[in-house]
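A short write-up of the structure that comes next.
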Amino acid sequence: MAGTKNDRKRPAESIKPTGDSSKRLKKADAPKKDAKKDAKKPASSSKPTSTPVESAPTPVVKSTLKAKEETAFPRGGKIGSGLTPLEYKEITNQATKDVLFEAKTGKAVEDTEETKSKGKKVFTKEKKSKKGKSSKEAEKEDDGPKVEGLSFKRLAPGSLVLGCISAINQTDIALSLPNNLTGYVPLTSISDKYNEKLQKMLDGSESDDEDKENEEPEDDKEDEGLNLESHFKVGQYLRAYVESTMEEKSGAGKAKKHIVLSIHPSKANSGITKRELVNGCTLQASVKSVEDHGLIMDLGLGPDFASGFLGKKDLGEEYDLNTIEEGAVILCAILGMSGNEKIVKLTTRFGGAPPAKKTKGANKGTWVELAPTIDAFLPGTGVEVLVTDLKNGGFTGKIMGSLDATADYFQACGWESKPLEDRVKTGSKIKARIISTYPNSDPKKVGISILPHVLALSPPSKDLTTIPISSTLKEAKVLNVEPKSGLFMDSGIPHVPGYVHISRISSDEKIDSLSATSGEFKIGSQHAARVIGYSFMDGLFLMSTEKKILEQKYLNFEDVKIGEVVKGKIERLVAAGGVIVQISEGISGFVEELHMSDVALKNPEKKFREGVEVKCRVLSKDPSKKQIRLTMKKTLVNYDGPIIDSYEKAQVGQQVIGTMIKVMANGAVVKFYGNVKAYLPVHEMSEAYIKDPREHFKVGQSISVFIADVDPSAERMRVSCKKAEDYDEAQKQALNDLKPGTLVTGTVIEKSAEDLMVQVEAEGITGLKGLLTFGQLAEGGTTKGASAFKRFRAGQKIKDMVVLIKNTSRRIVTLSLKPSLVAAAKEGKLPGDFSDLKIGTEYSGFVTNIIPTGVFVSFAGGVSGLVPKRNIPEEMTSKPLFGLEKFQGIKATVKSIDETEHKFILSLIKGDTAKASGSKLSQELSNPVDKTLTTWDDISAGRITSCRVISVMETQVNVELADKVQGRIDISCCFDEYKDIPDKKRPLKKFNKGDIITVKVIGTHDARNHTFLPISHRTARKGATVFDLTAKESELVKGEPDVLDIKSIKVGQELIGFVNNYSPDGVWVSLSPALRGFIRKLNLTDNVNHLADLKRNFPLGFALKCKVLTVDTDKVRVDLTARGDEKEVDWTNIKKGMVLPGRVTKVTDRQVYVQISEAISGVIELTNIADNYNEVKLSKFDRGQIIRVCVIDLDVNNKRVTLSMRPSRVMDNKAKVEDPEIQTIAQVQVGDVRRGFIRNVSDKGVFVALGGNVVAFVRVSDLSDQFIKEWKQAYRVDQLVRGKITAVESALGHVQMSLKHSVIEGALKPELTLNNLKKGMEVDGYVKAIAEFGVFIALDGSNVSGLCHRSEISDDRNVDFKALYTVGDLVKAKVLNVDVEKRKVSLGLKQSYFKTQAKKATKDEEEADSDDEEMRDVAEDSDDEAMSSDAEEGGVRLNVKDADDSDASESENEDDDEEMTDAPLPTGPALSTSGFDWTLSALDDTQANDDDSDAGEIQERKKKKRKATIVVDHTADFDAREAQSVSDFERTILANPQSSYHWIKYMTFHLQLSEVEKAREVGERALKHILSSTPEGAQEKENVWVAMLNLENEFGDEESLEELFKRACQYNDDMVMYEKLSNIYVVSGKFEKADELLKAMTKKHSTHPRPYLLHAQLLFSPPPPHPSNPSAARAILPRALQAIPKVPESTHTMVISKFAQLEFRYADAERGRTIFEGLLSKYPKKSDIATVWIDSEIKFAKEHEGENEDSKKRVRALFKRLLEPGQCKFQNRGAMGLFKKWGKWEETTGGNSGEMEERAARFVAVRKAEKEDKEEE
């Protein structure tokens, strides 16, 4: 480093050390090539012969040398020197000193004599270049580092390069490198930790089989940990070390270049020392361990070096701490060092910018300006570069003033339309990221990039994957040309061009150079191009324009699909059997010998010779090995049935063709496509009996089978050669009714080696198979069963077989002929279910398993119990396997049952239970309380006795009957009636310790499980029995004890409950020792305050008088209520005004969801929370909180409830109401000052919820008296605002208000509306827009504008009205006509209309002149404000569409009055595409009340507000008797499974309950159930698809919508789906999305006219507030005519005609007329074109000009011109149709049809004469 530092201090012109100094002293006659070789050779180890020089170097005469270098050498002459002898000597001495300096530092130099001789070259006279400049001048002009891109040749081993992961394979990682290079990282070059895991796996694989079996789960986990995809991800950036580069040549083909990389931190961080660890520098680190707070990282710098720590907060969004694996490698930036400099703090967030101020040392952020040495600048580091020069399409620069940096054409975004000179300025500083190093360069230099995604180190653009590999762009435009490199073409994706290398431009000829301005591939030319790959690092598509590539069907392995029929040529025959078929260039498949033909070929080489074309089908693919398996069997190639390449695609009953790959004695294995295999049992191979399948079938045979059973999760499938019999619902029900333990009869249909297959004869079932194994044929198990097996034969009928196990899905049962089981079944004593078991009962069963600790015995229905060794007789325990064998019949007694675990214990000891009972019953009692009790036998059920209280708990009294004989009295067994309980909170207070009380024995208590048991369940262990007792007086007089259980309870029954336990939703109460009930909080009490603290107000033992609501015997659950005699509120008894308790279930930003009963939930809006809106705080509500609510609105049919918790509603006292409650619009009057909450903030204004369904609209201009530039920031959703009502339209449900302080406090001036505009009124306004047909005028103080036609502007008809007025001029106009129905206003500006006020006008004119300028400013300001305000209101209209909604370009579409239409209110996206509403508006707003429909006429002073019609929830129109719950809908769809109407209603139902996921599930179910085999079914299914698209557009995200749309296109006509989704986007206001979708549709269906017409219509008439774009729409027509086939010609005619109609309707009618003129001139005989033209003219005149005389004349003139006798070319029928249309039009418009009749008569006469002339000829 010392020599390097010394060199930096020298002037730039001084001679450089080492190789550079020797280069300058080379001999003049030495060849250039040899000089370069010598420069690269290592320095010699010989010491210099010259004497040492002083340490201080001699200064160099810089100015003289520089001056001489800049002087041009003269032409010709001998070699001479431009230097003086003194200068020459100084330079020579300086070079010698450099050599000696290197020798001192241990660096060797070349031989001195050679150096001297080479030094002559410095003074060699330079040759002139062709342009007249010397080579030295050229070198001076090109001074600095050379701009060179990274290439395979320049990528030397030892280089460091930045790459982006493009693919993750099984054994390596593909890393995309700059300039379209790709390197590969092997498994062993990742990290030390990964190598440890790899070694551990290899060591484990060498262990013995037993170890493998024991460690199998761990090994599997280890294998998952070695998966590269879990360590890395595509798009991740890494720094790589180049290990080697090689060219692998195989055969005569082109050599393949291979780059081997390493990402090991020790190599990727090579050259880094502790000194270079400054903030912002990048380090590559591997994960050493994963901790809770972050990652411990290995930097690969040695054990004594610092380690790294990557904190959890410093992980980028692309990483998840929970999924990061140890051994993973991550590129990080340095944040800083710990205090002891032992830990390097790292980050993966590279978004920081360089600091504003330069500071010495470390920098903040991830951009580095200064570093101690240039070794800190490694690939991946962000730097600031001083640009020094622009050349060769790239630029050069300096980092820190000393390190050279270059960026070539690719890394400088050379393809951008903006020139590099405009983006990168010489002398400026720019941000760049280092991407490569050049270890062999001298001086040292690095490669940099300014590509945006490289600067941000973000994954490449997602757009890269939008065009799949192998896609062909038919007309790709050339954007830029790099003469020696290639072409850059437009891919259709902004900023992501396609790159065509010069070698991939043409396959016919070699192209050496390209021209940007001439030739076939000049800029702007269009060519077909095919995508052949992506460059992740460069952000480019890689393309080819070669003809062979364009015509190639399959470009890569992924293009070939399983099941596809392909054509290819036989490449060669394989000696081992089979052929290799070339499908496409570079893609081949293998045909096994089995698949070469349907029949075996003796000499396949004769039929399949090399080069022969064959037809194959793809059977399977192996992506890891890139192998394709084919078949040439005609049976499979010509097969047109379903392709089963996954188990998920297989459906039971499908008929498919497969190939037998294995034939066994008991069946065969059939293989289909992919890796799908199925088992074909021998009994399913034929209806006839087959003894050995190998005699009938062979491997390789194609066979047609039916899928009998499939399990996708287990990847198992069973097939049959026999067609499955019909299996209807009746048979399903009959099979379900067939219970285990039933006796059946059957016929043997197959006898295999181990079992019998029986055709079972059961009532109502056909095709049921039964299986009889050896073990079930006789009582003695398998041994005796084998001998019994010989007695059976095929066709034999067998009676009395017991059904053991039933498999419903496979329709097969397991049977038994064991006599003991048959006898038990006949007696009904064979248990078939767990519930059939009873303790102490002996049952017949059979042994299923024998273990050292016991025997498992099974019964019917899979019921199996354990016989422990202790319960086996002693004489059996000494025998091997207890003297039993598998499947042996046996009798066992149930000893105990565990109900919770469904387990039971058996015993083989005869009389075991009796002995156990007798041992304890015979014991005497010690010191009994009741002296009449002497033994345990005396304590029996129903016995009345005495006991002593030993303790009193909250819910029970513990007593003793005798010493060590305990009992308990449950609290429910202490009181007969509720009134008998003196203290409801402490009912057991009356009992005291030591009391002697009288009780009755009712059972025993299981203290472990806290359950009540009958007296027979007593255990035999001494002292373990706890007796359950009762102290009820009513029970003491009865005989047998009566314990309340689930079977004896009824709905409505009144009971006494005692609080036993608590849950979040309520309390559990004890009803009896055997039964508990549940009371919800809402049913606990009428006092809501008591529900806040249940444990305090309802302590354990609290007595409650309850009533039974529901009883569920299956779940053993009883629901109760303690609210007096009230019934639980349901839809039958709920009424408006009821005050009820409710439980908060959900709190959103604007609503509180409350459950008031099991079936009813409602919502509380913000306006219904408090009487004073200042007290509305949603934070005070918690989930589960109990509150008091009042029902204020009710819709029973649709099950909607609106609730209120205003104190004025729920409290008895009349609280002060600050903000009155509003439920209907009738409660709102103009002039009222109201407060409300902002519901929505749109571009047009603010929507304020006043209460109920009343929402007021506040225009932007009415928000404030002051101008607010960023007004949206001042208003937010749910903000409380105060305003005055300015307009109310009850009929339309529209309310408008103002928030201006001046309006609220001042008097309100009524606004001018259409209703109070009268003909003859004089109004003031201003010119809003000027069109060809007139002037649009906006009226002051109104939201209305009108049109003054050009004929009404001036009394002088020849005046140029456009010169009279400009936009913004204040005018006075007269109302000529008001059409309220069509919402049109006609105005007049003629002076004659204002003659009576001439004097006043003159006076006003004089006053206006004095303030003309001021007035003009005011008018302009008002105009700007009004225009902006009205433009913002474009999508929110009160049935008024005025000129504010159209700009100057839109006004050109009008001819007369302006039509004013409604637009949807943007309070929520209401999609009408499929006829229903997804807004859930029912939860936000109830529909308008019908009471308002009788309101009187709208008052003249009421102002019409621009608000859309309220969105109607169409689900409210359902019939009252239709489905209203989940069960109702399930029944409905069960009855109508093919009706999309019911499915969509079901989806809507879930959406109303905010259950979006459930709505999705219903939609998916609908798609599975609706059959699309008929046109009607396909349409029904399409309706569901559209509904689901609506749902995802409304409630999903972009990813979910895109995924669903792709699926919809796969299963439907994708053009229809494109149209449906675009319509959804348009209706929901997503214009940009609709535009993008239609563009994509146009590209995909470029030959179909429909996409072009839809796109054009969207651009002509986009949804508001988007402006029309006629120019873009018109540009579509030429593209459409170019892409759409010209045959048939009528298609082109239709498209052109449609565009003409669009012009008439939305844009320029004159342009439409021109188009029709051109069509008729080309096709003069087509009367249909004339008909369309005339219809367009009539419609245009009617809609835009009001059918005045001018428009009538134009239409009439068109009829005359088209139907001119002698000139008309139409056929007679077409012409007569036009005459009829003319006559009808004259009649409709009140014209005279006489001229039409006269012309028609002349037309007939002319045609008749022409016909006679032809006949004469």
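Each Cβ is built from the backbone N, Cα and C atoms, and glycine gets one as well.
Taken from TrEMBL, the feature region 'Disordered' applies to 1-85, 104-150, 202-227, 1398-1476. TrEMBL lists 1-13, 21-41, 104-117, 134-146 with the feature compositional bias 'Basic and acidic residues'. The compositional bias 'Basic residues' feature in TrEMBL is assigned to 118-133. Summarising the annotation, TrEMBL assigns domain 'S1 motif' to 158-264, 280-349, 471-546, 563-633, 653-722, 741-818, 840-909, 942-1018, 1052-1123, 1137-1206, 1231-1300, 1320-1390. The annotation compositional bias 'Acidic residues' is assigned in TrEMBL to 205-226, 1404-1433, 1444-1461.
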- Query: Given the model, what does the mean pLDDT over the domain 'S1 motif' (471-546) come out as?
  - Reply: 84
- Query: What are the DSSP helix/strand/coil residue counts across the domain 'S1 motif' (1320-1390)?
  - Reply: 7 helix, 37 strand, 27 coil
- Message: Applying the under-8 angstroms CB criterion, which one of 563-633, 840-909, 1137-1206, 1231-1300 scores highest with the domain 'S1 motif' (1052-1123)?
- Response: 1137-1206
- DSSP says what for the domain 'S1 motif' (942-1018): how many helix, strand, coil residues? 13 helix, 36 strand, 28 coil
- Message: Under 8 angstroms for C-beta pairs, at least 3 of them, ignoring pairs fewer than 6 apart in sequence. Is the domain 'S1 motif' (1137-1206) in contact with the domain 'S1 motif' (840-909) by that rule?
- Response: no
- Counting each residue once, how many in the domain 'S1 motif' (840-909) are helix, strand and coil under DSSP? 14 helix, 35 strand, 21 coil
- Checked against DSSP, the composition of the domain 'S1 motif' (280-349) is 3 helix, 33 strand, 34 coil
- Note on the structure: Reduced to three DSSP states, the domain 'S1 motif' (741-818) has 11 helix, 39 strand, 28 coil
- Would you list the DSSP helix, strand and coil counts for the residues of the domain 'S1 motif' (1231-1300)? 7 helix, 37 strand, 26 coil
